[in-house]
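Quick look at what TrEMBL annotates:
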SIGNAL    1-22  signal peptide
TRANSMEM  110-133  transmembrane segment
TRANSMEM  145-167  transmembrane segment
TRANSMEM  173-197  transmembrane segment
TRANSMEM  227-249  transmembrane segment
TRANSMEM  335-352  transmembrane segment
TRANSMEM  359-386  transmembrane segment
TRANSMEM  398-419  transmembrane segment
TRANSMEM  453-471  transmembrane segment
TRANSMEM  483-506  transmembrane segment
Amino acid sequence: MEKWSLMTVTVLLALTVRWAVSLGSYSGAGKPPMYGDYEAQRHWQEITYNLPIRQWYFNTSDNNLLYWGLDYPPLTAYHSFVCAYIAKLINPDWVALHTSRGYESQPHKLFMRTTVFVADLLVYIPAVILYCFSLKETSAKKKASTCALCILLYPGLILIDHGHFQYPLSLGLALWAVLCLSHDWDLLGSVAFCLALNYKQMELYHSLPFFCYLLGKCFKKGLKGKGLVLLAKLAGTVLLSFAACWLPFGTDVEQIMQVLRRLFPIDRGLFEACMFSSPTHCPDKVANIWCSLSVLIKIKNVISPRTQLKLSFAVTFLSLLPACIKLTVQPSLRGFKFALVSCALSFFLFSFQVHEKSILLVSVPVCLVINEIPFMATWFLLVSTFSLLPLLLKDGLLLPYAVTTPAFLAVCLAAFSILEKTSAEDLQLKAFSLSLKGYVSWFKSFPRIVRSLFLLSLSLMGALSVLSAAVPPPQHLPDLFPVAVAVVSCLHFLLFLVYFNVVILWDSKNRGQKKIS
């Protein structure tokens with residue numbers, strides 16, 4: 001009973017924070033003609049309820065794809081339809097074809113916010129709770145609730161889901177997949193991840209670690225025996241899961257191709273949201289390598305779209321290859337979780353058509369290892385929230401950002417004493433440090449150096465946050481602070497990518513893992 005009492009308090013606190021954030025503004029509030037992501041979600045409800053399935057992804061007189069056309073997989077469309085059905089029962093005006101465009105009212109805001117709460121309560125929060133209870137390292141009841149509290153109070157996800165406006169379903173389903181794999185329920189885990197991927201195509205960020213981990217298990221079991229049987233079962237499960245999600249579109253090849261064109265708009269170029277036509281002009285600032293480099297080099301002007309795609313693919317593939325090879329050869333749950341972080345970060349930094357919110361696809365896997373590397377995980381989660389600052393300011397979410405971010409840091413300091421967890425062993429770098437022994441003399445001062453860098457990082461992020469919110473930029477550099485936020489965040493992420501790959505490649509013990517047989 002005690003463990004559930006502590007966890008109940010944790011969940012209630014997490015829900016209270018979400019409710020408080022949801023009282024504020026949302027993406028595009030009162031900003032016609034396109035409004036924002038809130039209107040996009042409402043518009044998809046309008047389209048899916050009023051039009052036949054065959055028109056959902058096609059440009060027609062009733063479905064202008066230039067106005068928030070559906071560009072997510074079928075499961076998102078089905079979810080929009082369910083929400084629309086309920087909305088129609090409450091107030092038909094909310095989803096009326098054409099006339100509901102840009103609809104804004106307090107009752108409708110309450111309804112939309114409630115749908116996000118329900119998604120959180122049914123999918124994401126239960127996955128977090130069960131995951132924390134399943135951790136070997138957190139067998140103590142208090143530890144499990146503490147770990148859950150830190151994960152559930154991560155400000156980036158709260159501000160985007162309950163402030164900006166987004167559903168946590170794909171990330172929640174991915175968490176369920178991780179949870180299933182941690183209990184050796186490989187087929188259920190495969191179904192859960194297929195559902196996540198069919199809700200948002202950005203779950204491709206996590207696809208290679210799932211594939212490599214399960215393939216590695218098959219190799220370990222032997223491809224002439226149990227391993228071959230497992231491989232066949234996994235392949236069948238994936239095919240059936242995709243078939244079920246795409247069944248309404250499967251009768252027409254052109255339907256499938258149109259959906260795929262909407263999901264992967266490669267003709268838009270390397271980055272659409274962040275186009276530096278001048279050194280500081282960027283509508284939405286993404287803290288990845290391409291947008292940061294474009295401050296100096298106009299990549300879109302010197303490289304064709306097709307070449308951009310090939311370059312992006314090559315760099316992304318090479319950056320995630322070491323972690324994937326290691327996971328395939330030595331499959332372990334610990335390696336799998338760290339590979340989720342490393343591969344997702346590689347995708348965010350180097351892949352095609354990245355949105356600033358995609359950093360959440362890295363942050364949630366980082367939350368899964370916060371009990372193992374609390375210092376580095378907390379640092380990363382703070383930087384990831386900071387990288388969203390330009391978007392949050394545009395949505396009027398400065399106050400929630402200014403409250404939730406320090407609160408999260410305070411909780412992590414109290415829960416994990418992170419400033420005391422900076423030794424090479426605490427950072428999972430003991431094997432790496434031993435390999436450098438005798439070559440790097442300053443490694444003895446490593447804990448002090450890391451703490452100093454952390455405090456310097458916090459100071460820099462705090463200063464840029466204050467400047468972005470309170471100081472007008474120079475007239476000839478209108479986007480100075482947002483670009484600075486993007487570049488500083490990108491530099492952090494590059495260093496984190498190196499760190500996580502070092503942890504993965506120098507980990508030969510796979511501590512605390514069950515033997516795969």
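Glycine residues also receive a Cβ, built from the backbone N, Cα and C atoms like all the rest.
For the transmembrane segment (335-352), the most Cβ-contacting stretch among 173-197, 227-249, 483-506 is 483-506 (pairs under 8 Å). Long-range contacts of the transmembrane segment (359-386) within the same chain, counting only residues at least 6 positions beyond its ends with a Cβ under 8 Å from a Cβ of the stretch, are 128, 131, 135, 137-138, 143, 147, 150-151, 154-157, 159-160, 171, 174-175, 178, 202-203, 205-206, 287, 334, 337-338, 340-341, 344-345, 347-348, 401, 405, 408-409, 412, 415-416, 418-419, 421-422, 426-428, 450, 454, 457-458, 461, 464-465, 485, 489, 492-493, 496, 499, 503. For the transmembrane segment (227-249), same-chain residues at least 6 beyond its ends with a Cβ under 8 Å from one of its own Cβ atoms are 53, 73-75, 186-187, 190-191, 194-195, 198, 214-215, 217-221, 255-256, 259. The transmembrane segment (398-419) makes contact with the transmembrane segment (145-167): 3 or more of their CB pairs lie within 8 A, with pairs spaced 6 or more apart in sequence. Long-range neighbours of the transmembrane segment (110-133) within the same chain, counting only residues 6 or more positions beyond its ends whose Cβ lies under 8 Å from a Cβ of the stretch, are 3, 7, 11, 14-15, 18-19, 22, 38, 41-42, 83, 86-87, 90, 94, 144-145, 147-148, 151-152, 161-162, 165-169, 171-173, 175-176, 178-179, 182, 367-368.
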